[in-house]
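Per TrEMBL, the feature signal peptide maps to B:1-22. Residues annotated as transmembrane segment in TrEMBL: B:110-132, B:144-161, B:173-197, B:227-249, B:298-318, B:348-371, B:386-408, B:438-458, B:470-495.
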């Protein structure tokens, strides 16, 4: 893993940063792990002990295989290493098995596959040019970006405490972005296609890829005013792109097509039976919508506008259940969320098509796609915010405006991950790591852009500082009050709504900056 | 400081590492009937909370001294009492007299770990930060890097947060003492150091350099004028702080004598378990522990210790300077560790603390020493089930030091502070120019040996006839290292600190 460091100028620091965070990950091995640990153990067992034809049918455990085929193959390969650690974990019927060797194996597999992420970060840092390069190492954009990515709080707690394999997947995504920046479009497209077949959540950002490749790669030239020159369309490029995507998909889905299992695979990948929101509301538009509904129903009851008998049981006392029933506002269907998401994505995609800005424009569009899907998607997990935070890190070291949006988004997004870790021994870890990342990101970006106007206005400052009291109330005061029994879900609801405000604000601000900043940015570029 | 945020980040990294290590096992976890140091600390809370002060150090029906009897000075007892009050608030079962013996639960572990964390946060860490901020001739980045390395020193983290002890309190007070004395706040410094001694009697390892340095300062100011006043002031501070700490025990003479008997248990033998000092290593060849009578052992160890620390102390008394003070602290503590009576393997931390303070002056040797010191405690750490955190923190620490100080580039004679020594050697042997190279090779060799021994200890079972083979080997090799370091530091003290112009700039 030391290899990536040797490439850059005086690249010692990069390997030190990467190794440092790797050691931290190793120290996190004995921490709490969620049911996702069992999910992945079960997948190891399924892929190891069953033929391919049964992978997507096996249902002994409730945690059935619901990732695309490449991920299943990835687990298959891992399982062949796992058998040297502990054979018992590869038994499908051995539910909730977690011997110390199993733990060691699974944790270290996450840590080792993160090597790809480290490499991708190294590649991304290459094209962050040192225009503003200060002599101080700690004030170089490259350095700051590496810390922001390698030591990302969300990735650390989701992968290395909660347990998931996001590291190498985000590695693939960052690597494909880096390739697009390096004008190696085919490679970038290939990596993204592979990524999609590892985890389909990355479909959220697929529109950005599709439009960008079509517009800036398949059309080889623009008119002087920047609009599209239709006759510059290159068939060879389209065909090669199509071929790559087709081959990757064939490799992934082909075997299941041959087995005539595609419908089963897709039914596993896209379960629409789940509710609008996760048990803990992801801090998005629907959290605000639900909260508004609550408030309206309470007001309605107070003003006697609503009949108490007609209100469904799932009021504040029973807390947040999977199927949330709205009392005042209309209920939301999957189709409605899909339409909302599409409408939210459209302007950014249009922008990418009509006013291409090169790779940076693509990156903005990608972040907007990720954020919009997060805002309006059906059954969104709070972890999905990482999909916006990590690419946004790349933008943050470039412009003061982006840095300010990044900081609001990241701080609230990371804070909204707090409910993932609810056990007492992990409480100090999450607070310390959060402080570590937040203090570093805010201070280093402030130092980087110290010559420009302040990054936050008073309102944003006030909002971000409010996260502190919120945490104190939710985790230090609330458990000792009598409300704990009456409203057990109160802290989750507060966290979710408070963070939803910040994330919506960041989303809105980013949209505004993308739609308005265009001409200015353009003249700068030329 | 313009880069306060980096310092905060460094401290947070140190805290995070500390807490993650604390998630691991502790000494004597689930091992009745005696358990380990964790139970000892819990037991002290139980004893101090439930019994009157007069019974703390006495064997009574309620206080069985054979079972982890209190054998640390009064401040430790007060600290236990304080923790016990907090424990009472959370769960009285934790400190119930008799019935709580061997109490273990996840919540209790969390509580105990938190007490260590809080003590560390209040005493040791602020001292480290202040020390690094006060470093002279160092860039801001250098100060921050230095703080990072000191805070990441694995030995202290593993013993306090893994094995379970409160070394950060005594070492923290000692560090406050060093800070005070080197910045001419002599009274505050002596007060802090008295607190350190009254927390853990092992701090006496550091007492001679403190004494000599302060005495030297008084001499320098002239014993007939200002120096005398200073001396009186210091004596008063020391006496007053001791009286304060021991106040409850002054009721009877027998009380004080009993506490002292508990603090210096001569009948426990020359050394305990496996220690990387001379006596334990020598014991491999000749069973001195069994052959010689006890009082001869005491006299012998006293003489050796005294002789080995005498030169450095005399030199410090006559040429007191903060730099010489730090080096003398190292050499005295090391002499005590190697030669004195009844040494624990954990006492190496008392040497590591002053080594941490000279990390920025001789980064290469200091890093080497700090790694060896952690390695020397490996048998203990393995017994506590701390293999993973030990290996990881040691690697992290080496990376931190290697990156912060680029130690492998700082191996010239000048940077090893051997310039004066090799010049004087060359007067007689003109061809001796290879010292740095030898040291470099020794380092590589030593790292390879340490890695190999660790691997062997972890993977292989020792032969049945020699069940302690590996731990004895580890101690023996560490002891050789420590002897080498003792010689090295004495050479520096005798030759290189002759004048102040050898102060070299860092970064």
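Glycine too: its Cβ is placed from the backbone N, Cα and C atoms.
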Long-range neighbours of the transmembrane segment (B:298-318), counting only residues six or more past its ends (CB under 8 A): 208-209, 212-213, 215-216, 219, 266, 270, 278-279, 292, 324-325, 327-328, 331-332, 335-336, 338-341, 486, 489-490, 493-494, 497
Contact yes or no, the transmembrane segment (B:144-161) and the transmembrane segment (B:438-458), 3+ Cβ pairs under 8 Å, gap 6+: no
Candidates B:110-132, B:173-197, B:227-249, B:348-371, B:386-408; stretch with most C-beta pairs under 8 Å toward the transmembrane segment (B:438-458): B:348-371
Range from B:110-132, B:173-197, B:348-371, B:470-495 with most C-beta pairs under 8 A to the transmembrane segment (B:386-408): B:348-371
Chain residues in Cβ proximity to the signal peptide (B:1-22) (below 8 Å; excluding those fewer than six residues from its ends, i.e. six or more beyond): 113, 116-117, 120-121, 125, 129, 133, 140-141, 143-144, 147-148, 151-152, 157-158, 160-162, 386, 389, 393, 396
